[in-house]
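Data first, discussion second: the structure below is written as structure tokens.
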Amino acid sequence: MGRMRSSIFKRELTPSRVLIFGYASLILIGTVLLAIPASSSRAAGRASLVDAYFTASSAICVTGLIVRDTQHDFSPLGKAILLVLMQIGGLGYMTLATSFSLLLRRRISLKERLVTSEGLGQLTLEDLGKFALKVFIVTAVLELVGGAILALRFSMAGIPVPRSLAFGLFHSVSAFCNAGFSVFSRNLSGFTDDALISFTVMSLFIVGGLGFIVLRDLYRRLIKRSVKRLSEHTKLVLVVTSILLLLGFTGVLLLENGRAMAGLSVKTKLIASLFQGATPRTAGFSTLNIGSLAAPTLFLMVFFMFIGASPGGTGGGIKTTTFGSALMKLYSVLSGRAHVSAFGRSLSEFVTTRALVLILAGILIVTMGTGLLLVSEGQAIARKGFLGVLFEEVSAFGTVGLSVGSYTRTQTSLSHDFTPFGKVVIALTMLAGRVGPLTVGVAVVLRQRKEVFVYPEGRVMIG
């Protein structure tokens, strides 16, 4: 009997559940580490369990929403813990585990391959171990190069060299992992007109958000020239990403030209618009005060945050390919076409249906989370309005980290003013956004069954 229960339990530990349990376990470990007195500065005092849990969730889920001032409330040890948590969360714990296993020449089990594939968004299990190791190496190289550039710029700005090196590495890891954490209380608002810092950070979070599958395809096509054409996946990611970046840049420039950016030079406006138009795509860094942005700009950012990054990348949201596939399905239906096609290839019904289901699942998660916050956070709604609370919830789902800001402590997110219940809601939304709505759905379903028969088709009127 005991063996039977053990066998059933093992069968029910699907890759989706293992992935979620793994992230939840890491969040628990991070909570304990951030809750110890040594992780906090003497002036701030020890973090409460709820705040430690929220911060650990934000770091592991590479979000960047904060309920404590990272610069002043955490000790050097606390900042180092945040750095490690961001790195693990950005790459995926199974990617790191697989990479180290290969370095130690240990055999990778099938279950480990399945979980790693789930986390990376890899389409096949072929050479998955080697792919994970390459992801690890590429990440390390890009973060070190980005950290060196940022450290040099920080030192030129008058920050002592040891601190510049630490700050550079912290922001480089945070940017590539799309985490949005900053050791500056005002995030990057003090560097609005600094082109080098803006473009370095922006390059890191855009590359990290593209996804490692896309980076591999670009390397094979443009550098190694081992393939003649890019995959349809890579083409769709690049097209949708480019369109969203252009829309973000144009939207921020037009909507905030005479508002949040009034008084800035033309050069600074262009840099700030490009940066702030790109960062809602899960990065979470800000060179402008988000709380001072107009309602139309905030709503535009909600749209971008919901879409998020690309599959296999370091960000959250429904993903660019999901949005692109859904748009093509919509166009196909409206134009009366039987099949969805892109780049000279047809997209399967499975892909387009999955895209629509994923969008619906994302909407349900955001709606449920916002509904709970409307019940528990009356004071926050009174001070920041419905849009402010919705912005916080979607920011959590997209693992972005942007916020209209606290009304009691300006250096923190609006979540700082939430009740413990509201903070838990945001933390759970971050986890759902990091692993993906469908992963959550598959993990919740007790058992997936194959169809053995199909019912006769019924008729239902739609629209």
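Glycine is treated like the rest: Cβ placed from N, Cα and C.
These come from TrEMBL:
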TRANSMEM  20-38  transmembrane segment
TRANSMEM  50-68  transmembrane segment
TRANSMEM  80-104  transmembrane segment
TRANSMEM  131-152  transmembrane segment
TRANSMEM  164-184  transmembrane segment
TRANSMEM  196-215  transmembrane segment
TRANSMEM  236-255  transmembrane segment
TRANSMEM  290-309  transmembrane segment
TRANSMEM  354-374  transmembrane segment
TRANSMEM  424-446  transmembrane segment
Stretch among 131-152, 290-309, 354-374, 424-446 sharing the most Cβ pairs under 8 Å with the transmembrane segment (196-215): 131-152
Contact call for the transmembrane segment (131-152) against the transmembrane segment (50-68), three or more Cβ pairs under 8 Å: no
Same-chain residues at least 6 beyond the ends of the transmembrane segment (354-374) whose Cβ lies under 8 Å from its Cβ atoms: 306, 317-319, 321-323, 325-326, 329, 380-381, 386, 389-390, 392-394, 396-397, 418, 421-422, 425-426, 428-429, 432-433, 436-438, 440-441
Distant-in-sequence neighbours of the transmembrane segment (164-184), which means Cβ under 8 A and at least six residues beyond its ends: 58-59, 62-64, 66, 70-71, 79, 82-83, 86-87, 89-91, 139, 142-144, 146-155, 190, 200-201, 204-205, 207-209, 279, 282-285, 309, 313-315, 399-402
Cβ-Cβ under 8 Å with the transmembrane segment (20-38): same-chain residues at least 6 beyond its ends: 46-49, 52-53, 55-57, 59-61, 74-75, 77-78, 81-82, 85, 88-89, 93-94, 115, 427, 431, 434-435, 439-440, 443
